[in-house]
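A quick write-up on the structure given underneath.
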Amino acid sequence: MSETGSRVIVALDFPEEQKALQLVDQLEPSLCHLKVGKEMFTRLGPGFVESLSVRGFAVFLDLKFHDIPNTVAAACDAAADLGVWMINLHASGGRRMMETARERLERHAQRPKLVAVTILTSLSREDIAEVGFHGTPAENVFRLAHLTKSAGLDGVVCSPREAGAIRAAVGGDFLLVTPGVRPKDAAADDQRRVMTPGEAIAAGSSYLVVGRPITAAADPLAALRQINADVTESTLSADK
Ligand code: C5P
């Protein structure tokens, strides 16, 4: 489980292994992490994750576990055995589920970082009301971010738009992993409310999840290097 200094996580959303590996072979493990989600993991299984680790990449296994505490803890244990760098679960699975998962990971000498999804950004106020959550999505995001922190997890996945307020509420020592990032002048694709890499870092993001601006670029390595440069510039200007 190598850890790179980069704050970029490249989302591998490909229907086929060969296409994914073609892209991966153009990237460098020292310049990014890789995210494997439900589609690729379900099609290709743990062997695919191992093939990325063998190439030296730190992998975020984005399977968003949500089940009874023992089952989620066992799934996290299995992910840790695979040697991944980061895993996630749904905070709405509750405190006991999160605490049990975190405790199970402590058995691992090199434990993966464990982060939670609060409220999916695809859900509107009406959607969450229908499943029994009161208040606005933002209110629920903050409540679940606090719960995640008090359950001892490492951080949350959130919109870069929420990052500043969550950072102010929960403090510095908490990872904010943010998708919805687009370099200036890049296509928004199906993302609605995007931020540039520099803006997301300035808002308090710890890691940026970036897919198509890198995976669909004519020169993926150049696109990744440019995003890393934007991140560095934003970090340096914040330190001034
Ligand atoms: O290609 P793009 O940069 O839009 O990819 C973003 C990645 O982050 C995808 O894997 C997507 O599923 C994931 N994601 C997201 N928005 C969320 C949660 C996850 O875009 N709220």
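Note: Cβ is positioned from N, Cα and C throughout, glycine not excepted.
Feature annotations, reproduced from TrEMBL:
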DOMAIN    7-227  domain 'Orotidine 5'-phosphate decarboxylase'
BINDING   Asp13, Lys35, 62-71, Thr121, Arg182, Gln191, 211-212  substrate binding site
ACT_SITE  Asp62  active site, for OMPdecase activity
ACT_SITE  Lys64  active site, for OMPdecase activity
ACT_SITE  Lys64  active site, proton donor
ACT_SITE  Asp67  active site, for OMPdecase activity
- Annotated recorded positions Asp62, Leu63, His66, Pro69, Thr121, filtered by Cβ under 6 Å to ligand 1: Thr121
- Note on the structure: Cβ density check for His66 (substrate binding site), other Cβ within 10 Å (all protein chains) comes to 16
- Simplified DSSP label at Thr121 (substrate binding site) comes out coil
- Asp62 (active site, for OMPdecase activity): which of the binding-site residues Asp13, Thr121, Gly211 is the nearest Cα neighbour? Asp13
- List the residues of the same chain that sit at least 6 positions away from Gly211 (substrate binding site) in sequence and have their Cβ under 8 Å from its Cβ, in sequence order, or write 'none'. Val10, Ala11, Leu12, Asp13, Pro179
- Query: Hey, how far is Thr121 (substrate binding site) from Lys64 (active site, for OMPdecase activity), Cα to Cα, in Å?
  - Reply: 14
- Message: Helix, strand or coil for Pro69 (substrate binding site)? Use DSSP.
- Response: helix
- Task: Taking the Cβ of Pro69 (substrate binding site) as the reference point, list residues of the same chain whose Cβ is under 8 angstroms away and which are at least six residues distant in sequence.
- Result: Gly93, Arg96, Met97, Glu99, Thr100, Ala101
